[in-house]
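All remarks here apply to the structure that follows.
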């Protein structure tokens, strides 16, 4: 280890100022000195903190595109099959409350940044689900209600921190409950429809990672327990995605039954048609031949 430290220290001690400042801003002066200048890998506290920060930044970056595949599937198919409006309504509401709670408490952005990214994508998905479900008029009402709620939640004069804290408790419950309608929709339809596998599995990984980062950086049991419960239900969704991977939706099965192929066992064969036609005697029709 001493040889590695001797080889790396000339590099870490001469990093450009912008990189050094970025490192200090992420992990702090103490951990920057311990991990990068002294290269002390036995400093477990700083090591766990740096890993937590790295994972948090990774989640925030990935969250910018986590629901893009879901949006693309909805737009291409022009169908909201398999996607629960109620699930997205609950999740969007809980994310808005959580975003306001984290911002007003001054928590590190790396511990909640994905909330803002996913919130924007959720709004777009919810509007698309309403549109493709034939309820386009409700989309405008949904956006207006969301904007009014945001003004209330972020305004300290309108809503105190104590009240916001109680709302955060409810938001944790809503976030967990938002998975239940989606699980029920998949179960009832016997397929995942237009639900994106990329989104489901990324949510599973993200919720597991958030448990670790919350333990390391945020001393808030309310947020921690909501992530633990969310991970459990995200796991159920992921297992459903695996189970129904190649299963057609109920609607597709119905169409398949209606469109009976010509070579189906239920369709009459050519031999049967020919036998039926020859078995029936042809009736004699009138003739135009003149009799003389």
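Please read every residue number as a count from 1 along the shown chain.
Each residue, glycine too, has its Cβ placed from N, Cα and C.
Automatic, uncurated: that is what TrEMBL annotation is.
Features reported for this protein in TrEMBL:
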{"type": "COMPBIAS", "residues": "281-292", "note": "compositional bias 'Basic residues'"}
{"type": "REGION", "residues": "269-292", "note": "region 'Disordered'"}
{"type": "TRANSMEM", "residues": "83-103", "note": "transmembrane segment"}
{"type": "TRANSMEM", "residues": "109-130", "note": "transmembrane segment"}
{"type": "TRANSMEM", "residues": "137-154", "note": "transmembrane segment"}
{"type": "TRANSMEM", "residues": "222-246", "note": "transmembrane segment"}
Stretch in 109-130, 137-154, 222-246 most in contact with the transmembrane segment (83-103), if contact is a CB pair under 8 A: 109-130
Same-chain residue ranges lying at least 6 outside the transmembrane segment (137-154) that approach it to Cβ under 8 Å: 89, 92-93, 96-97, 100, 103-104, 123, 126-127, 130-131, 164, 167
Tertiary contacts of the transmembrane segment (109-130), as residues 6+ beyond its ends and Cβ separation under 8 Å: 26, 53, 56-57, 59-60, 62-64, 66-68, 70-71, 74-75, 80, 83, 85, 88-89, 91-92, 95-96, 98-99, 102-103, 136, 138-139, 142-143, 146, 206, 213-214, 217-218
